[in-house]
């Protein structure tokens, strides 16, 4: 413990694996390794295919590249501590290292939410204004959107580590997960955390919450446009271009909303449920997104087959 008058701060936190199943951590690590490997290889393949295939150099695939980079970042943030616990029981993480990991996990989560919104906007423009799509979403515009997404995540979350460092901690130093979350760290403090709770809620609602609302509005407008199309075949063809994105949105937002609700209102939720929802939120989307887009996007599938054929 670091002591400064009445101010106490732990030098480190203790992370948690899967509660009640500590004896099985080595076996449990096998599916986790498989998911991490799928996420790393899948997203790298997506990036390679888009970079090497000239016909994929368009807004939809630029945004998909951003999604793949974000997913890789999330995987690399959680992989060392998660597998460190499962393989070597390395539970200890330094206070500043924990805040750093937490900052990047939350930034990448916010960026992923914003990228999914940008992809929804791309689908809306492509379906509602197909002739103007290339003039509205130029390469410059896509780059500006990407830069704005990164800056929004970095700036909005910048105060969070400092708000945590000002708190006095006492008693338990054991976290609920094998990685660091803001609500998890905050709840270990024995000081007044109203500012942290209020700021965290405001930022979550004004970023991820607004992103989700605008994604829903985009699909309402898309459905309205699709209904006005002349034939059933045209309707199905238009909607088919959105299936991958809808799956990615559901895979990301459902566990994220569930985890946020558990941290804020689920005091009586079993620790195992909390842990499983957290792993679902941070590991499943990076592993599933490349599979979803490889299966549903004929352009990516064809480019991948051509690359394999050359090999």
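Note that Cβ sites are derived from N, Cα and C of the backbone, with glycine treated the same way.
Annotation source TrEMBL lists transmembrane segment at 24-50, 62-88, 100-121, 142-164, 197-222, 243-264, 276-295. Per TrEMBL, the feature domain 'G-protein coupled receptors family 1 profile' maps to 42-293.
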For the transmembrane segment (243-264), sequence-distant contacts whose Cβ falls under 8 Å of one of its Cβ atoms, 6 or more beyond its ends
67, 109, 112-113, 116, 119-120, 123, 181, 183-184, 187, 201, 204, 208, 212, 215, 219, 273-274, 277-278, 280-281, 284-285, 288-289, 292-293, 296-297
For the transmembrane segment (62-88), distant same-chain residues with Cβ under 8 A (at least six beyond the ends)
15-17, 25-26, 28-29, 32-33, 36, 39-40, 43-44, 46-47, 50-51, 101, 104-105, 108-109, 111-112, 115-116, 118-119, 122, 139, 142, 146, 149, 178-179, 248, 282-283, 285-286, 289-290, 293
